[in-house]
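Everything below concerns the one structure shown next.
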Amino acid sequence: MAQRARRGDDSIYWDKSKNCFVGEASMGYTPSGKRRRPKVYGKTKTEVRNKLRDKRQELENGVKSSARYTVADAGRDWLKNGLKGRDPGTVKLYAHYVETCIIPGLGKRVLRDLTADDVDDWLDTLTERYATSVIARLLGMLRRIIRQAQRRDKLLRNVAELVEAPAGTEGRPSKALNLDQARAVLAAAAGSLIHAYIVVSLLTGMRTEEARALRWEHVHLDPGEDSPPYIEVWRSVRRKGETKTRKSRRTLALPPLAVRVLKEHQEEQDRQQFRAGDRWKDADLVFSTRNGTERDAQDVNRMFKRVTEKAGIGRDWSPRELRHSFVSLLSSLEVPIEQIKDLVGHHRSSTTETVYRKELRPVLRRGAEVLGPLLEEEEGENG
């Protein structure tokens with residue numbers, strides 16, 4: 001072993017037992033009077049020298065890094081303290097990504113020793129399993145995890161900011177039901193727990209989070225002679241019940257098919273409430289569970305896949321594609337883009353054109369009111 005520096009000096013020496021260079025930094029004393037002399041390790045003297053420099057800078061900036069504080073620790077701290085006030089569904093989703101993607105790949109790394117190369121290598125392992133959008137989301141989460149650790153003086157640099165997300169697999173593009181498929185889905189949904197959910201979503205273009213939060217106080221099935229039946233889309237399952245944007249708050253007319261199905265659904269819900277007794281949680285939700293509570297997205301997704309499979313179009317569909325189908329069907333009926341924009345709650349028609357560019361057709365005339373009767377033909381035949 002090489003000769004070490006004198007007491008009080010920094011030193012770099014070769015440790016034969018560890019097969020690497022070791023650096024020792026003299027950094028004063030702890031409050032208890034114990035000498036601070038942390039060690040760093042590296043393959044070259046230059047690497048060790050840079051680590052010693054970083055150690056001094058951390059000390060000068062008040063960084064309280066620990067050789068035991070890992071990326072896993074930082075990730076769980078972020079889930080516990082960095083997401084306060086966020087929607088429970090969002091927290092649940094982030095927790096899933098942290099526990100299944102970030103911690104298995106980087107969790108054992110000591111946070112202060114994490115390098116940009118480590119992050120790059122981890123991202124590369126994801127490219128064959130995840131879509132590009134998911135990889136970008138995971139990198140963004142890692143950056144936020146490290147930012148919180150920075151705010152708590154755990155480290156100085158955010159190495160994740162130095163990395164770009166690589167391209168992943170091509171995600172499945174959203175698709176839309178054609179008219180025959182829409183009729184088949186409505187027929188297959190009849191009698192299911194989400195029949196009314198599917199009918200209203202398909203005929204109004206509501207977002208999934210808006211439909212799950214819809215309350216009976218915002219449903220007007222018999223408003224009087226001066227107004228057609230309508231719903232007020234004023235809430236969502238987002239934090240504080242807010243819709244996605246201010247423009248998303250809108251009032252939508254209901255075609256006769258939706259009115260009929262909602263009335264039947266209301267009667268069935270009354271029977272469910274009677275059967276549930278004291279277990280019923282009266283949240284005034286239109287599309288509730290058998291106990292009156294809010295349905296979660298996974299529950300709706302599972303039931304919708306069973307319906308599409310029964311309709312003969314396979315299980316590779318999601319409830320959000322009812323909204324895509326709404327836009328597609330209206331566009332095929334030559335409804336103007338400006339009207340579709342208002343119906344789906346977009347601020348600009350350019351947003352509708354960008355998000356639903358695959359569903360839109362050239363527009364020549366008005367025609368939103370024809371969608372209900374077209375779909376009602378099949379409902380009547382199967383009812």
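Every residue, even glycine, has its Cβ placed from backbone N, Cα and C.
TrEMBL labels come from automatic prediction, so no person has curated them.
Annotated domain 'Core-binding (CB)' per TrEMBL: 69-150, in sequence order. The predicted model assigns the domain 'Core-binding (CB)' (69-150) a mean pLDDT of 90.
Among the features that TrEMBL reports, domain 'Tyr recombinase' is placed at 172-369.
With a cut-off of 8 Å between Cβ atoms, the residues of this chain six or more beyond the transmembrane segment (184-205) that come close are 177, 211, 214, 231, 233, 252, 254-255, 257-258, 261-262, 264-265, 286-287, 300, 303-304, 306-308, 310-313, 319, 322-323, 325-327, 343-344, 371-372, 375, 378-379, 382-383. The transmembrane segment feature in TrEMBL is assigned to 184-205.
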